[in-house]
Structure formats: structure tokens, C-alpha cells
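One structure is given here, and the rest of the page talks about it.
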Amino acid sequence: MATDSRTSWLLTVSLLCLLWPQEASAFPAMPLSSLFSNAVLRAQHLHQLAADTYKEFERAYIPEGQRYSIQNAQAAFCFSETIPAPTGKEEAQQRTDMELLRFSLLLIQSWLGPVQFLSRIFTNSLMFGTSDRVYEKLKDLEEGIQALMQELEDGSPRVGQILKQTYDKFDANMRSDDALLKNYGLLSCFKKDLHKAETYLRVMKCRRFVESSCAF
């Protein structure tokens, strides 16, 4: 793949990382509306980061003629497709806030291990030279969700057995077609799962605070 395509990829992801909200790791005592706003903002940013990373990886490594057939096979690859989580806004509206928070926590925690291997793939990236920053963003969102669960339950968040599930690590052998397809699938799942977490948080914020924007 041409060097300029990969350079565009690195710059896109690096810029998104720089735009991460300041003091992202801080979730001090604050009103419930602020806890929701902060969590939604972080989920939106992570989802955008995941979507743009997937798109640029696709441009750099996946031939256009193969993308459609590969994408059709990726749904079954995602661990999140095997759990009874809502698949969209309408289904999410039928669940309680605590159910949505637990599903959101599950989705975030399932990626905490795999993202630590991103640095083995994107060794020349300004942002992915180390995976620590992506990991920190996920940990920050995890803390925000746990803060919401504590606020709503008035106690420590409960984590069930389903939270033990996780994804495979990314494959560093970028010269292997199998590794490229595996990483492509993982990035697709990362994008889908972050979209779900963002949707759940926005549904909760919308129905709790009428002043919130519900057009999404």
C-alpha cells in the first residue's frame, strides 16, 4: 500500500487522540447529569477513534474488492454478538439503566486486554507507538461507568460472570494474510462495541434528562 495512505491513517488517529477531553481520568463527586455527560463524551470520542482507525486500516491493508465479503463474515466474529445486549437504540430503550450500564461495562472491559497489543501492530504510528493511551481511555470510561453504577445503586458495581469474556490479542505479523484479516475483524468489533456502549449511554442520558439531545 502506498506510503501516503498509511501516513494519512497515522495522522488521523493521532489527531483524534490529541482531541481527547482534558482531565479524562478524573471522575470526582459530581451531579448525576455531569457523570452521564462525561461518560457520553468519552464514549463518543472512543467510538470515533475506533471507526477512523478501522477505516484507515482498511484503506491501507484490505483490497477494495475483498472488503464486502469479509465484512459479511465479521458479525459472527464479535464476542458481543453472543450476549443478549441490545443491538440498537430501540432495543436499548426497553432495558433498565442498570442493565445498560452493565452491558456497557462488559463491552469496555472485554477490550482492556486486547488493546494493550496495539503497539505491536502500529509500530510507526505517532499514537499507537504505545497502546497505553488507548488503554487509558478505556480505563477512564470504565471508571465513569462504574461511577454511574455506584451512584444509581448506592454501592459498588456488581460484575457478573459474563464480564470474564474478552477478545483475542491483535496479531503483530502484518505480513500474514490471516493476521491482517484477524486484525481487520478485531478493529471492526472494536468499532461496533464502542458504538453500542455510546448508544446505551446516550439512551440513558436522554430519558433521564429531558434537556439532553435525543436525536441520534
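Just so it is clear, glycine is given a Cβ too, placed from its N, Cα and C backbone atoms.
Residues or ranges marked as Zn(2+) binding site in Swiss-Prot: His45, Glu198. Annotation comment: Swiss-Prot describes Cys78-Cys189, Cys206-Cys214 as disulfide bond. The feature phosphoserine is assigned by Swiss-Prot to Ser131, with similarity to another entry given as support. The signal peptide annotation in Swiss-Prot covers 1-26.
In three-state terms derived from DSSP, Cys214 (disulfide bond) belongs to neither a helical nor a strand segment and is classed as coil. Figure note: comparing Cβ neighbours within 10 Å for the disulfide-bonded residues Cys78, Cys189, Cys214, the maximum is reached by Cys189. Each residue contributes its Cα atom, and for Cys206 (disulfide bond) and Cys78 (disulfide bond) these two points are 28 Å apart. Here the candidates are the recorded positions His45, Cys78, Cys189, Glu198. The one whose C-alpha lies nearest to that of Cys214 (disulfide bond) is Glu198. On a Cα basis, Cys78 (disulfide bond) lies 21 Å away from His45 (Zn(2+) binding site). Under the three-state DSSP scheme, Cys78 (disulfide bond) falls in the coil class.
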